[in-house]
Amino acid sequence: MKHFINLNDVSDVTELVKLGLEQKANPFANKHLGLNKTIGLLFFNSSLRTRISTQKAAMNLGMNVIVMNVGSDSWQLEFEDGVIMDQGKAEHIKEAAAVLGQYCDIIAVRAFAELKDRNDDYKETVLESFRKYAGVPIINLESATRHPCQSLADLITIEELKTKEKPKVVLTWAPHFKPLPQAVGNSFAEWVLMTDYEFVIANPEGYDLSPEIRKNAKVVHSQEEAFAGADFIYAKNWSSYEQYGQVLTQDPSWKITPEKMALTNNAKFMHCLPVRRGLKVSDEVLDADYSAVIQQAGNRVWSVQAVIKQILEGLAV
Amino acid sequence: MKHFINLNDVSDVTELVKLGLEQKANPFANKHLGLNKTIGLLFFNSSLRTRISTQKAAMNLGMNVIVMNVGSDSWQLEFEDGVIMDQGKAEHIKEAAAVLGQYCDIIAVRAFAELKDRNDDYKETVLESFRKYAGVPIINLESATRHPCQSLADLITIEELKTKEKPKVVLTWAPHFKPLPQAVGNSFAEWVLMTDYEFVIANPEGYDLSPEIRKNAKVVHSQEEAFAGADFIYAKNWSSYEQYGQVLTQDPSWKITPEKMALTNNAKFMHCLPVRRGLKVSDEVLDADYSAVIQQAGNRVWSVQAVIKQILEGLAV
Amino acid sequence: MKHFINLNDVSDVTELVKLGLEQKANPFANKHLGLNKTIGLLFFNSSLRTRISTQKAAMNLGMNVIVMNVGSDSWQLEFEDGVIMDQGKAEHIKEAAAVLGQYCDIIAVRAFAELKDRNDDYKETVLESFRKYAGVPIINLESATRHPCQSLADLITIEELKTKEKPKVVLTWAPHFKPLPQAVGNSFAEWVLMTDYEFVIANPEGYDLSPEIRKNAKVVHSQEEAFAGADFIYAKNWSSYEQYGQVLTQDPSWKITPEKMALTNNAKFMHCLPVRRGLKVSDEVLDADYSAVIQQAGNRVWSVQAVIKQILEGLAV
């Protein structure tokens with residue numbers, strides 16, 4: 001693997017899930033791979049799971065880890081070409097990425113959507129600029145429109161918990177008062193569609209994900225319809241793709257409750273976290289035995305460890 | 001040792017002091033204990049000594065260290081049960097602690113008092129929530145009402161410097177213009193009371209520590225009376241317990257001066273730092289040969305290293 | 001080497017350049033030197049290259065690294081003697097430095113000029129206070145008036161790229177709208193003057209560096225004159241020394257353009273970064289084959305690695 005920015009960088013999803021489970025079974029078996037190698041973690045936005053699970057995975061593989069909060073630890077970066085830099089941004093991505101590529105064997109980047117201009121976000125300027133200018137492999141720690149490390153952890157979790165070969169997996173929108181990115185929903189849909197699981201997306205009218213994402217997915221506008229017979233319920237809020245970045249509704253009837261979960265085939269409940277209790281999901285659901293959110297978060301280590309391992313092996317060649 | 005949140009978690013104070021001195025004599029003798037183990041340091045508040053001494057102690061024991069500033073690096077946390085999370089706090093402690101427990105073998109937490117509601121602070125919600133939800137050992141890096149890592153370092157320092165078996169130890173209030181927590185004073189009193197040293201607390205009227213803390217201590221309202229014959233003077237400001245969190249006086253006559261120190265039995269001067277020179281303590285006292293504040297700060301490494309060592313040994317069982 | 005604060009701490013510049021090139025050729029050859037030793041990196045100001053290259057160099061030498069942002073991670077520091085600390089600054093440098101010296105074998109510090117009072121800045125209070133109170137070796141990661149780690153990397157880069165024994169090296173002022181420190185310009189001049197290269201400084205009237213710095217240098221007020229026959233063009237903005245900290249002009253005719261570069265002897269272009277594209281330097285210059293800025297930034301690792309290695313060897317004695 002050269003980069004891990006989006007699904008196009010992955011040759012075999014099933015193999016990667018298997019590799020994740022192998023990392024979990026033997027966390028320190030490949031510690032020699034990262035010897036004297038450095039990964040730089042760049043955060044343009046806050047992080048808890050991603051920050052810590054990635055550090056841990058890299059250290060499990062024997063790497064040195066350097067963490068940087070862009071903007072507070074260092075300079076604000078300019079991403080536009082050809083501008084005269086006479087405003088607040090002190091450094092251009094061309095230099096910043098190339099310089100970091102001098103210091104790091106792998107660079108991992110988190111940079112959320114701005115939710116102002118759909119084309120801007122879907123161009124993935126930040127991550128693609130690092131791919132273009134850094135000269136070393138780039139890992140996506142959640143970009144404007146994708147969160148592949150999360151999706152890989154999600155598939156690992158489903159693999160661990162599924163009780164039939166082809167479970168029914170439901171991705172459902174849940175209410176939130178703030179406009180949130182589409183990255184987690186987009187990636188989860190894309191990754192599940194690479195498996196042979198049954199897959200349904202449930203969201204209110206106006207909240208359909210991008211045509212590109214949902215072209216091979218079944219989309220319904222009723223949670224009840226989607227939940228019937230489901231083996232996995234994956235809840236997530238996202239703002240509207242059509243009226244880009246808007247909160248069109250906070251309809252509390254879309255909250256995940258024990259009553260809704262009762263419609264399923266004893267489904268496991270999943271969420272990428274952080275989750276707002278009482279708002280998107282009832283306390284009872286998160287505290288139930290069928291909630292898999294902590295196991296799912298734990299699997300973030302093995303997901304990114306599988307990715308880093310594949311990249312390190314690519315470097316060695 | 002399972003946790004190190006308060007004195008109830010410690011079976012034998014004297015043994016722990018001895019263990020700290022052993023760590024100081026042989027800092028790297030137990031580096032195998034922490035191999036492939038991770039400690040997460042969570043700071044809800046600023047830190048210099050605690051941040052760096054804990055990192056160093058953990059590295060001396062061979063551990064991986066992950067540091068996080070809650071709120072700037074990651075999300076704001078909600079600690080109340082059953083609330084609808086529709087405000088600024090994006091993640092509940094139930095998830096945050098459990099997830100961190102997936103990544104870390106030990107979690108160390110700093111979370112100061114808010115000094116608004118006495119019951120709230122003395123419930124120790126933050127540290128006790130981590131104990132309840134993280135599923136791994138928790139170390140207190142100063143909580144709302146206790147600072148046991150500091151107190152252990154203080155006892156190590158007294159052990160190193162005492163010239164008689166049962167020295168007279170004085171904890172004295174010193175003036176400050178800001179309302180400060182009672183954590184250091186509380187813990188120091190509790191820990192010294194576990195020894196057979198003579199112990200006196202000196203503070204102005206209205207500044208008595210909690211009845212629970214001072215029930216076995218001698219409390220006087222005159223520095224002169226307390227300092228007479230003292231072998232150790234430990235200065236610290238705290239805000240009022242009775243009129244909770246209030247600054248009732250900044251009386252400069254409570255400042256520690258060379259004249260006051262002259263009343264003692266050539267006492268060593270101690271303070272947990274940071275200290276405001278000229279306000280709480282004269283420059284002359286801090287710069288004197290009898291000032292032990294730097295040695296005391298240095299012992300923060302060996303204090304927390306003894307704690308981590310005991311916890312690591314408990315994990316191995 | 002005891003400290004690395006300014007050029008007076010260096011016994012032989014040529015040897016140090018050679019040592020840097022050796023580190024680059026064999027990055028991990030001295031990993032035993034730093035075993036169980038800790039370097040603390042203290043940032044009073046933002047940093048990208050310095051932060052990451054210094055971490056990497058220290059890890060290459062086997063050291064433990066602790067990074068701290070002063071003011072956000074920890075307390076604001078007081079540097080004045082004899083004040084009553086009843087304002088925002090919670091800790092005095094006397095305690096802070098001495099305590100850090102208890103935890104760290106080496107302390108590296110970044111503290112920019114305030115550009116308010118020339119005497120204050122040129123006294124180098126922050127770095128010299130650490131030298132005075134820490135009790136361990138201090139490395140300058142850019143102080144008020146010097147940036148020696150940068151200058152050493154600059155000389156390493158010139159050594160790698162020079163095509164004649166005594167190249168002509170030009171340090172040229174370039175326009176900027178913000179008042180910037182003189183540290184990089186000062187240090188570059190001092191360090192190049194330790195070699196036998198031809199050296200010219202070009203800057204507008206009113207922007208002459210301090211008399212102390214330029215006493216052995218040729219200074220001209222015309223870029224055209226300076227660039228003629230140059231082998232290296234080193235661009236940097238600085239605010240006025242005479243009218244201290246003032247921006248006297250933003251004259252765009254001082255911007256580095258391909259036309260200006262055409263006046264040289266196929267000179268390499270250098271800049272310490274970050275650089276404001278379009279403002280100080282044309283995009284075409286930074287994107288040209290003759291731009292050495294990325295290689296120069298990469299050499300920051302080997303520069304500081306040479307320094308740390310010499311200091312570690314001094315500790316061992």
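Backbone N, Cα and C atoms are what each Cβ position is placed from, and that goes for glycine too.
Going through B:His92, B:His176 against TrEMBL, the one listed in the N(2)-succinyl-L-ornithine site together with B:Glu142, B:Lys236, B:Arg276 turns out to be B:His176. Residue pair B:His147 (carbamoyl phosphate binding site) / B:Lys236 (N(2)-succinyl-L-ornithine binding site) shows a Cα separation of 13 Å. The two recorded residues, B:His176 (N(2)-succinyl-L-ornithine binding site) and B:Arg49 (carbamoyl phosphate binding site), show a Cα separation of 20 Å. Summary for the binding-site residues B:Ser47, B:Cys272, B:Arg276, B:Arg300: the Cβ-based neighbour count within 10 Å is maximal at B:Arg300.
Chain C comes within the C-beta cut-off of under 8 angstroms for the following of the binding-site residues B:Ser47, B:Lys236, B:Arg276: B:Ser47, B:Arg276. Mean pLDDT for the domain 'Aspartate/ornithine carbamoyltransferase Asp/Orn-binding' (B:184-309) in the predicted structure: 98. Chain A lies within reach of B:Trp75, taking the binding-site residues B:Arg49, B:Trp75, B:Glu142, B:Cys149, B:His176 and requiring a CB-CB distance under 8 A. Annotation note: B:Arg276 (N(2)-succinyl-L-ornithine binding site) sits in a coil segment as assigned by DSSP. Distance noted between the C-alpha atoms of B:Ser47 (carbamoyl phosphate binding site) and B:Glu142 (N(2)-succinyl-L-ornithine binding site) is 10 Å. Cα of B:Cys272 (carbamoyl phosphate binding site) to Cα of B:Glu142 (N(2)-succinyl-L-ornithine binding site): a span of 12 Å. Cβ neighbour count for B:Lys236 (N(2)-succinyl-L-ornithine binding site): 22 (other Cβ atoms within 10 Å of its Cβ, all protein chains included). Fewest other C-beta atoms within 10 Å: among the binding-site residues B:Arg49, B:Trp75, B:His147, that description fits B:Trp75.
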